[in-house]
């Protein structure tokens, strides 16, 4: 199956990434993707864009040459209380909100602390997707996190980049997460976590994890633009007429 949706991509606004939105649109067209999210790092990261970058995403077109563009963020989980570095009414202006642990903002601690912080983030209602929860630097109680995510309709990400250039040793955790989410009745999404446009829509290793865990296709948000957009609507984001053309994909 070809997966037409990518929820996790960084642009040159995060200065350790190397591509523009134009670059991503070009690659999306070449690869046949229909929808992707621009999710630069939240402002508490040292090289992240300013808060205003996210506020001003309203200027981004929803569609370019038939490619849908979601306005998003990969926010930073800041503490055990599940606070993130983007807040208030500004969150409502974004189409999609991802959040995860990043060492410069939340240094690795212990399993109990990581689990509490992740569950608090899930319970906050502010975050749609938890990124790279299988990172071995941040051990968690996988079953508890999967159950909380299912209860609160938050998706957990299987992050393809975790099997390539970063977060080495994630495979076992990610398989366990996929199985736990399966058992809890929750949702998964694959993210390329692209920091350069060529890797947009690259899910090769994540697909192997999904298959190993025998995760059901109908609970994988990448399966179609409609699946992701319906999920975001259920999460309280606005349904946008501009994306209606994508719902036939």
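Each Cβ is built from the backbone N, Cα and C atoms, and glycine gets one as well.
Around residue 10 (Zn(2+) 1 binding site), a 10 Å sphere centred on its CB holds 24 further CB atoms from the protein chains shown. According to its DSSP assignment, residue 10 (Zn(2+) 1 binding site) is coil. According to Swiss-Prot, the feature Zn(2+) 1 binding site maps to 8, 10, 74, 193, an assignment based on sequence analysis.
DSSP assigns residue 195 (Zn(2+) 2 binding site) to coil in the three-state reduction, placing it in neither a helix nor a strand. According to Swiss-Prot, the Zn(2+) 2 binding site annotation covers 16, 41, 195, on the basis of sequence analysis.
According to DSSP, residue 74 (Zn(2+) 1 binding site) sits within a strand segment. The Zn(2+) 3 binding site annotation in Swiss-Prot covers 74, 102, 132.
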Local Cβ density at residue 102 (Zn(2+) 3 binding site) - other Cβ atoms counted within 10 Å:
23
Quick check for the class: what is the C-alpha distance, in angstrom and rounded, between residue 132 (Zn(2+) 3 binding site) and residue 41 (Zn(2+) 2 binding site)?
14
I'd like to know which of these binding-site residues, 8, 16, 41, 132, 195, is least surrounded, judged by other CB atoms within 10 A.
16
Helix, strand or coil at residue 102 (Zn(2+) 3 binding site) [DSSP, three-state]:
coil
